[in-house]
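Feature annotations, reproduced from TrEMBL:
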- 91-129: repeat 'HEAT' (REPEAT)
- 168-206: repeat 'HEAT' (REPEAT)
- 233-270: repeat 'HEAT' (REPEAT)
Amino acid sequence: GWSWEVGGTMERSLEVGWGGGTMEWSLELRLNSIKKLSTIALALGVERTRSELLPFLTDTIYDEDEVLLALAEQLGTFTSLVGGPEYVHCLLPPLESLATVEETVVRDRAVESLRAISHEHSPADLEAHFVPLLKRLASGDWFTSRTSACGLFSVCYPRVSSTIKAELRQHFRNLCSDDTPMVRRAAASKLGEFAKVLELEYVKSEIIPMFSNLASDEQLQKAVGPEITKTDLVPAFQNLMKDCEAEVRAAASHKVKELCENLSADCRENIIMTQILPCVK
């Protein structure tokens, strides 16, 4: 049965089933309690959800990936349960820790939820709460946090001040040349998305040169396979060659030769014939 104890401890309220019974049973209980999180939050009310439930979820170490995944998913839809957009930043701490865990599926889900709630932040809250989170992830010691950071640039860049925009571009450039191939791979996969929200001058001066650098990155190709070029870099470069701004198209076409020279020999001809040439007007 689902009992509710107003004023009880948070563990009791969550009825989490720590200990007692078999491991599977307590995992199932924990999973159920996380899936019923919105019911719990409704019963607690917005203030207790903010002051008690969220800190509890941030500090409690769950070691089962299923529980973490369910938690990352739930928190992305929690805005109204914490009191609406002006309090949405309260959801950042638990999602930030989920964005650094080892399991990729959990991290990706946390990033999706962060992307979703970023739109509910006012520009001032983005700068006060979301951007600091992004910077912490982008400069974190663990490659997992730097990987997660790559997916958050494009959602906050358009709505922050020019000073902060400059900092974000610098962080993104750093991630494109990170020591860890997995981080460079994550940055490469978000390069096209980031280019879409950047101002024209920076697409030309900063983004387009990165394509050639990443395409010629031998360590990256070895670590994650040449697929990265075909699946992420070339399609994003194609979009720039077909951009509605003539200046972007021109800047991209100036780099076509260099990009093609930097493609690995085994797939170069195929990519040029099937993906690059059709875009060259």
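Cβ atoms are placed via backbone N, Cα and C, with glycine included.
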Exercise. Count the residues of the repeat 'HEAT' (233-270) that DSSP assigns to helix (H, G, I), to strand (E, B) and to coil, and report the three numbers in that order.
Key: 31 helix, 0 strand, 7 coil
Quiz item: What mean pLDDT does the predicted model reach across the repeat 'HEAT' (233-270)?
Solution: 77
Self-check item: DSSP helix/strand/coil residue counts for the repeat 'HEAT' (91-129)
Solution: 30 helix, 0 strand, 9 coil
